[in-house]
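Each remark here refers to the structure printed beneath this line.
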Amino acid sequence: MTEHKSGFVAIIGRPNVGKSTFMNRVLGHKIAIMSDKAQTTRNKIHGVMTEDDAQIIFVDTPGIHKPKHKLGDYMMKVAKNTLTEVDAVIFMVNANEEIGRGDEYIMEMLKNIKTPVFLVINKIDLVHPDQIMPIIESYEKHMHFTEAVPMSALEGLNVDHFINVLKSYMPEGPQYYPDGQISDHPEQFVVSELIREKVLHLTSEEIPHSIGVNVDRMVKQSEDRVRIEATIYVERDSQKGIVIGKGGKKLKEIGKRARIDIENLLGSKVYLDLWVKVQKDWRNKVNFIRQMGYIEDQD
């Protein structure tokens, strides 16, 4: 009988290299927020992939960046601490971007850990196949990797192969989560992330890092209907106007798009009621950040 394998795998990389896209591709559900704007993942999100012979729990870390406020400090602390708690690390980079300072900073961190580190060259659909090997070699000049794997998370290219590679490095262990469970975050947190994703997609550059979403109330009204009330927090009055839009059109579109994803997640019809409030300088208020679910209670 084949031994069952299980392990925890961290996904790390500069902002927007496709970490969340990869995890959502593997899980088949939207768990990690996806956006083309930097610093969109604010919390460790555990995505659970269960197969007959293995279970891999993915940890999607905040994008590496230089902190500018207390929330940023916390995001960096989460990313660094995660590396010491896992069985393997995926260092993901973009095939169509040269090595930057952020990549070099991450590799300096990774040199000191003892767990297997996989270099994943993502977005290979954007470059010529002849470019892939030189890209891998350029990273290998900086540090040794357990294996280097080119892929396109968005297109699904080489993803299954990489999962098989990962499984071969996982230790023997039990199934930590039951079949069908794809995240260890409460549903309210995932719902708030889906709403925040739509705000990021539909608002201008002024808004993204100032956005926080809190699910105030989530009630199952019947077997196939859920009522959700949520508040979108911004830091300035001008931002509130941008999120709401002329005649409330922008907020209505945010709600419409979020509702579709939430219904797919919950498998129920959803009534979604959204509010927009100003909470000045909220990213520097530790208690408020904790209330929003971005800081875990620590001993």
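Just so it is clear, glycine is given a Cβ too, placed from its N, Cα and C backbone atoms.
What Swiss-Prot annotates here:
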type	residues	note
BINDING	13-20, 60-64, 122-125	GTP binding site
DOMAIN	5-172	domain 'Era-type G'
DOMAIN	203-280	domain 'KH type-2'
REGION	13-20	region 'G1'
REGION	39-43	region 'G2'
REGION	60-63	region 'G3'
REGION	122-125	region 'G4'
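Distribution of Swiss-Prot features across the structure.
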residue	record	DSSP class
Gly13	GTP binding site	coil
Lys19	GTP binding site	helix
Ile124	GTP binding site	helix
Same-chain residues at least 6 beyond the ends of the region 'G4' (122-125) whose Cβ lies under 8 Å from its Cβ atoms: 17-18, 22, 92-96, 132, 150-155, 157-158
Integer mean pLDDT for the region 'G1' (13-20): 81
The domain 'KH type-2' (203-280), counted residue by residue under DSSP: helix, strand, coil: 32 helix, 31 strand, 15 coil
Cβ neighbour count within 10 Å of Lys19 (GTP binding site): 29
For Ile124 (GTP binding site): intrachain residues, at least 6 apart, with Cβ closer than 8 Å: Ala95, Ile132, Pro150, Met151, Ser152, Leu157, Asn158
